Amino acid sequence: MERLRYMLRVLLVITLVSLALFCAVTLNNSVSRLESYRNSFIARDWGYQKKLFWSNMDTAYFSGENLDYDSESFQSAYDKAAKLVRIEVPANEKPVRRLPEAIIIGVSKCGTRALLEYLSLNPYVVTAKREMNFFNNATLYNQGLDWYKEQMPLSYSNQVTLEKSPDYFECVLCPPRVLSMNTSVKLLLLLRDPVERLISQYMQLMDKYVGTQTMPLFEHWVREPSTGEINVKVPSVRVSIYADHVKNWLSHFPRKQILIIDSKMLTKNPVSEMNKVESFLGLKPYLSKDDIYFNESKGFHCMRLRTTGKTRCLGATKGRPHIKVEKETLSALYAFYNPHNERLKNILGFRMSWF
């Protein structure tokens, strides 16, 4: 009997030690998972963050992609995670979805993707995961602002919610629609040499239509076949007439609510330009040369995530050489756009770097 009691005591000790070790390992793994999520959140590497989010956070809070974002469990977990981030979380506040306080309205092929990616490095900026095209699409617009708000990411009141839809720029109905959403919304507008922008958009269309239809030669695409004049019936040609579209936006919004960004300067001095953007958005300067650096091998700027040191560059089409355009066509294009550039200068009160 005494021997049996002894064996039971030994078995109990072994069981308790094993349980303690199990709890210690589990706790350590939980801390590691939270630390991993924290690092990815701080780094603002959202694609990587999402994977970590669903795979590493405690399953007591999350159940996969069908999670109820409005549930108390999610709100609690999000709040705990955010407190680990290098942002000041407002006291007693839960993250909610908000209508955009800032919108990148254009122009297509002027660096809007780079601007969005750079801004996403700032933890006080949260961005929609795709181009919404809400205000220029009648079907989407008719779903209402509540639907639009539900497409936005969760945020705190001290974060700026932002979306990018370059097609808003040339949309006649977009300014009054945006104004009706938020009279104080801040608008970001990138402008580039109109001829360079047109060539870049032509190359994008060539890639888009590969295997489905053949694009005409650039010279045939931009010029009237009978007269040789620049073909203003081509939508892409009209987009580069910036003065018309800027005038339309300024007829609804005060100049102080629209930040004009010179694409050439953003390419040349991205950190300096991004600090101006941060100031315009009411944010403290955050981005530095440690976040946006020049990649010698690629020939353009890339991003470095602060906590992990992981680097990220834009897509393969970034920095690709343009097609060779006939000099006579180039001359005709610049002659066509110059008067419009002068009108733009008079509207803005200053001259862009490219004219």
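Heads up, residue numbers simply count up from 1 along the chain you see.
Note that Cβ sites are derived from N, Cα and C of the backbone, with glycine treated the same way.
Keep in mind that what you see is a predicted model, and the values were worked out from it rather than measured.
What TrEMBL lists as domain 'Sulfotransferase' is 101-325. If you look up TrEMBL, you'll see K109, C110, G111, T112, R113, R192, S200, K318, G319, R320, P321, H322 marked as 3'-phosphoadenylyl sulfate binding site. Per TrEMBL, the feature active site, for sulfotransferase activity maps to K109. According to TrEMBL, the disulfide bond annotation covers C302-C313.
This view paints the features noted in TrEMBL onto the structure.
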residue: K109; record: 3'-phosphoadenylyl sulfate binding site; contacts (Cβ under 8 Å, 6+ apart): R192, R197, S200, Q201, Q204
residue: G111; record: 3'-phosphoadenylyl sulfate binding site; contacts (Cβ under 8 Å, 6+ apart): L190, R192, I261, S263, L266, T267
residue: R113; record: 3'-phosphoadenylyl sulfate binding site; contacts (Cβ under 8 Å, 6+ apart): K164, L314, G315
residue: C302; record: disulfide bond; contacts (Cβ under 8 Å, 6+ apart): I292, Y293, F294, N295, T311, R312, C313, L314
residue: P321; record: 3'-phosphoadenylyl sulfate binding site; contacts (Cβ under 8 Å, 6+ apart): none
Residue with minimal Cβ packing [other Cβ atoms within 10 Å] among the recorded positions S200, C313: C313
